[in-house]
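Feature annotation from TrEMBL assigns transmembrane segment to 20-40, 52-74, 86-107, 128-148, 168-192, 247-265, 299-316, 328-350, 581-602, 614-635. Feature annotation from TrEMBL assigns region 'Disordered' to 669-691.
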Amino acid sequence: MRAVLVLYFKYFLKWDDDLATSIYHTFVALCYLTPILGAIVADSWLGKFKTIIYLSIVYAVGQVAMAVSAIHDITDTNRDGTPDNMTFHVVLSMVGLFLIALGTGGIKPCVAAFGGDQFGDHQEKQRRTFFSVFYLCINGGSLLSTIITPILRAQDCGIYSQQKCYSLAFGVPAALMVVALIVFIVGSGMYYKAKPEGNIMLDVCKCIGFAIKNRYRHRSSKYPKREHWMDWAEEKYGKLLIAQIKMVLKVLFLYIPLPMFWTLFDQKGSRWTLQATTMDGNFGSIVIQPDQMQTVNPIFILTLVPIMDSVIYPLIKKCGLNFTPLKRMTVGMFLAAVAFVCAGVVQLQIDKTLPIFPSTSQSQLKLLNMGNNSITVQLTGNKTVNLHPHWASDDYFTFEEEQIDVTVGSPSFTKRIVLTKNERQTLLFPSSISDEWQLMEDLTSKPQEGNNAIRFVNGMSRAVNVSVAGASFGQIQPLYFSNYSQIKNGRKAFTLQSGSQSCEFSREFGFGSSYTFLIPSTMTFGTNCQESISEVEDIKPNSVHMALQVPQYFFITAGEVMFSVTGLEFSYSQAPSNMKAVLQAGWLLTVAIGNFIVLIVAELAKIPKKWAEYILFASLLVAVCIIFSIMAYFYTYIDPAEIEAQFKRKEGDNDDDEDTKAKLRKVEAEMARRGSVSSDDEDQRSKQTSF
Ligand SMILES: N[C@@H](Cc1ccccc1)C(=O)N[C@@H](Cc1ccccc1)C(=O)O
């Protein structure tokens, strides 16, 4: 759905680029923030199973709302193919997106934690595999949707008029979501469903608040220190709750540096795609568009996750190395930094091929002879150029002056030309040099999105109409020129028409070039005018191949597998039983914060050299990686189920309260179900050094 969202905003709702991208990013950020709500609902009230079901319904309703909002016929009363009441479509789609974000919040943290719940403590390996499979599924879905949804959107549909079918692109995922929900409900009897234990988040907040207040009240040195600041809640709250809060806080503290990973990771969708627009995407029989390069990430995930799980990790274990989850995450961060170094190196190669555009104190000029005779042109600074008929100077001349004298032919004819600073221009010489000279504004940057910028100069004495599939250059007046039109890569056939006569010529285009085509006065209209048209290359096509981005995608994805898949499993295994979904949401929060940092960094990091920006990001991540590895060094892995059992047992011994004893029996039954060793074994106890 995300794959076509921006296009829906732009072409259906008719929003401009800025509004479309802002709403898109807000929606994505909301999708990673709402898990906090979903997790609180699951852990405190509904339990994970019911939360997944209810919020999947919310999600499906949101998706249906999106599909309905994209039916143009609903408000197309005059049947001209465009909606007549745009407010209806905007409001319905915003409601739809809000419901989807809310639904995502319920599903994402709960599915991961609910999946984890299905495994006992003796099934650590299987649980790890589950998190890998979970990740594979997300990426399989992501890959399929990026391929299928644009195809669905490209279909024409409608009752009164046929338009691009956004409703199908939103409707098919809605239908699939309903099917998935039914499958999930049908399997209900097969799942283990842990019961929620009341409003745990409220208890947690109250307990933390009390500990802080109590610590402040006893700040005087006459009170003995306690091992942990949370121990100041002991007067009012049970040891178990305090121990559980300590577990969560320890993990959350460890999460502080993690958003930096996602800050780099999320830039593959923005900076790396922009980088791809300055590269050549021709892979022989297939041509890759810049934004399609992003699919390399899920493709690599689908191959790297099984390789890591079945080859790399076992191999490392065989070598006798203890590759703990936190070590994996550290290596993952480091690999992401390597990916950015690769991106920097690729950028250096690209920079070498980019044209040198004029600085703020310079202007650049190209000369184009429209006439049928060679001319000699002399420019200020003793620059002399011979221009053949219908020919242009090879490159631009750079000037620091604001105006220059241009002298042509013999007997010579001189004109003073006023140049524009920071601009590129082309000076057109007509056949009869005493006629008016035209000055055209050229591009001072590569055309956007890997497109090619094309324009025509009409050297004929009659108007010519030029068109190409998907673009029209309009009617070009004699001895005048057209505006630029953006065309995609591939072979393009142009039709030139003057009165009842026409002719065609075609040409292959790469990525990111700019051409001026001259229609000479000598051209005769026939079936083919291929030979007659002169072309002037203003900006060379991209020459650094997009395949050079593959190494950076490989490293960032390898980093993602080590960091993200491990992080999901780590968040589950280190969370107390009643806060599993909450810690999953905490993990997703690091993704959300990373997304926000990207927005801030995009504004702040205005380094003129792009390659230096990549290296800066890589260095920042290495610094964060070092901080994280130090924090990880001091982290002690725990077995929350075992700790909880010990506390319950102790509470049960000291307490005659039936409720506590019932809770203890429940925990022990749960431990037995999970196959955990419920013993007083000293060895077991010593495993949890911090508690
Ligand atoms: N490799 C990415 C591909 C992707 C991007 C956007 C949406 C779906 C997939 C990926 O797997 N991203 C995951 C990362 C993630 C984070 C937290 C919990 C589970 C997975 C994503 O869902 O964004």
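Cβ coordinates are placed from backbone N, Cα and C, and glycine is handled just like the others.
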**Report entry** Long-range Cβ neighbours of the transmembrane segment (86-107) (under 8 Å; 6 or more residues past either end)
**Finding:** 1, 8, 12-14, 23, 27, 30-31, 33-38, 41-42, 51-52, 54-66, 68-70, 72, 74-75, 170, 585
Requested in this report: Using a Cβ cut-off of under 8 Å, list the residues of the same chain at least 6 residues beyond the transmembrane segment (299-316) that approach it.
Outcome: 128-129, 132, 135-136, 139-140, 143, 323, 553-554, 557-558, 560-562, 565
Query raised in the report: How about the transmembrane segment (168-192) and the transmembrane segment (20-40): do they have 3 or more C-beta pairs under 8 A, pairs 6 or more apart in sequence?
Result: no
Report task. Would you mind listing the long-range same-chain contacts of the transmembrane segment (52-74), meaning Cβ under 8 Å and 6+ residues beyond its ends? Result -> 1, 8, 12, 38, 46, 81-83, 88-89, 92-93, 95-107, 110-111, 114, 158-161, 163, 166-171, 173-174, 177-178, 180-181, 184-185
